[in-house]
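In what follows, a single structure is set out as C-alpha cells and then discussed.
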Amino acid sequence: MPTALCSIALALLVALHEGKSQAATTPIPEQPAPLPRARGSHLRTRRCSCSSWLDKECVYFCHLDIIWVNTPGQTAPYGLGNPPRRRRRSLPRRCECYSARDPACATFCHQRPWTDAVAVPGSGSPAAAFQDGKTQATAGELLQRLRVISATKIHFARQQQKPTRETRPTHSRQRKR
C-alpha cells in the first residue's frame, strides 16, 4: 500500500514540475509592474480607469479582479477602491488605459463613444432626448400601455387559477344513496 501512495505522489510531483516549466516558457501578456505595497493592502489588477462608476460595462471591462454579486435591485460590484474625484472628473473619454500597447483596451476606451452605447436610437444623447421631449412615446401613452399589460396579466393569471371541474352526469348513483 505505501508503494502505491509513493508512486502516486511521485507522478503528481512530476506532472506539477512539467506544468511549471511549460508555464515559464509561454509568453505572459503585459501587465503593469506591481508596485511595492503596504502590509495588508490588496493590489487591484486593472487594465484601465473608468471615468464613471455608473458605467457598469466599463467597470467590468477595466477591473479584472472584480467580483459581481447579484442583488435584488442591481448588480453590485465589490472590490473597488475610489479613485480621486479630480481624476475621475477630468477624464474626457469613457476610460483611460494603463498600457498604450493594449489594443482591446484602446478600442473599448477610445474608439467607441460611450454615450452612444446608451443613447436612444435616432437622437444625439439621452439627455437631449428627455430635455427636448422627443421621446418615442409620451408619458400618458406609456402609462396606458402599462395598464393594458397589467390587466392582461391579471386576466391570464385568473384564467390559470380557475379549477378545471370535470362535468358529472346528474344521474350519478353516488348521489342517490
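Backbone N, Cα and C atoms are what each Cβ position is placed from, and that goes for glycine too.
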Correct disulfide partner for C50 among C6, C58, by Swiss-Prot, is C58
Among C48, C97, Swiss-Prot lists the disulphide partner of C62 as C48
What DSSP gives for C50 (disulfide bond), in three states, is strand
Residues near C62 (disulfide bond) by Cβ (under 8 Å) yet at least 6 apart in sequence within the same chain, in sequence order, are R46, R47, C48, S49, C50, C95, C105
If you rank the disulfide-bonded residues C48, C50, C58 by how many other Cβ atoms lie within 10 Å of their Cβ, the lowest count goes to C58
Confidence over the region 'Endothelin-like' (95-110), expressed as mean pLDDT on the 0 to 100 scale, is 85
